[in-house]
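As structure tokens, the structure follows; a few thoughts come after it.
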Amino acid sequence: MELLKTKTGLKGALTVPADKSISHRSIMFGAISHGRTTIHNFLRAEDCLSSVAVFKALGVKIEDDGEDIIVEGAGFNNLKAPKDILDAGNSGTTMRLVLGILAGQPFDSKIAGDASLNRRPMERVMGPLRTMGGNLQGKDGSEFPPIEVTGTSLSAISYEMPIASAQVKSAILFAALQAEGLTTIIEKEKSRNHTEEMIKQFGGEISVDDKTITVSGGQKLVGQEVTVPGDISSAAFYLVAASLLPESDLHLKHVGVNPTRTGILDVLQDMGADIQQVGFDQQNQAADLLIKNAPLKASEIGGEIIPRLIDELPVIALAATQAEGTTIIRDAQELKVKETNRIDATAKELNKLGANIETTDDGMIIHGPTPLHGGAVDSHGDHRIGMMLQVAALLTEEAVELSHPEAINISYPDFFTDLSSLI
Ligand code: S3P
């Protein structure tokens, strides 16, 4: 498809779609808790609908009344053996977190994904779950899906994480809630903490001391009302577009600003962006963001901030192509095992449009500023690469053609309509 253009920058106000990570977890916590969970502002995008489908297949009653999603949970013990192979679609979060739940169930199950998900590494969750007593097997003895889980009971572990990953941490936490004893997880770097926050919100007990998390098994969680804030990972595309486009004056409403997710705000502000946070909603950890165009300079991005902006790195790389100086992104090797290899895809596609990006083992070196020009680019079937390329197209005079734009439905089905309303 031919991507959208603007002559005026981004102007106006927008409520970005609901947070994907929190939407997934609200279904999962609803399913394993006792009683009704009502989810306001659930993200009805393909990834989260994969989580809905998986829990329906596990016998949980989930209804969409057009406004809210209602989950009738009855605890871990009420999940039923699925009749078919569970389908996680493109969603790594669904597969990895659900493995933590399935590992401690008495029944056998099997979970698969689409071609992209079936190439993504699962040993990172299967390893610790096996240490807890879980019985999980990848395809033909590999670490790749489909994963077969043989029903068993689990015992607590103490686990020092070799990678910074909220998905791995969350899988272990879901297993720990079913395990005998007290589980301790020591994070490599602090990653998004929505699972920990929701254990508390659903009435459970969890102790978090910097990077050490402790939780006991056998707790009874109780259904809640959840309001999902806007997704800062979706807001990211507008934050960069408005920062780069002259005359922009943009207001993003009710964006989640949980500090484990706001690395992009820190980096863009360090680069010179004009972003203000107003109207903090403490209960939902959300705020409005006001963005105006500003000249950007290069930055060095690495270390503990990486998990706080991991999904935003492709669009941050785009921002860096327009910044004065050389931006270095390091410690981001996890980008290679996302929906696609996002280091290669970002560099390859932006370089087609005139960027000067070198790839490294754990990141990118971006020489800026380079004017971008038109061309034909590919999302690689990755929603975030597709949206990043649409932002790049706003910066070119000539047309940009995008192959596989449908990937964007994974997290943001209304992306093009929303963007059109601002240009
Ligand atoms: C997510 C964690 C991150 C992120 C993904 C969503 C989550 O993955 O990239 O989009 O909801 O827990 P990793 O845990 O693999 O870093």
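From the backbone N, Cα and C atoms, a Cβ is placed for every residue, glycine too.
Quick caveat, the model's predicted, so the values are computed rather than measured.
Binding site for phosphoenolpyruvate per TrEMBL: K20, G92, Q167, R342, R384, plus R120 from the candidate set R119, R120, R308. Local packing around the Cβ, expressed as the count of other Cβ atoms within 10 angstroms, is greatest for S21 among the binding-site residues S21, S165. Computed over the domain 'Enolpyruvate transferase' (6-419), the whole-number mean pLDDT of the model equals 98. Around G92 (phosphoenolpyruvate binding site), the same-chain residues at least 6 positions away in sequence with a Cβ under 8 Å from its Cβ are G113, L117, R120, Q167, K338, E339. Taking the C-alpha positions, the distance from S21 (3-phosphoshikimate binding site) to D311 (active site, proton acceptor) comes to 11 Å.
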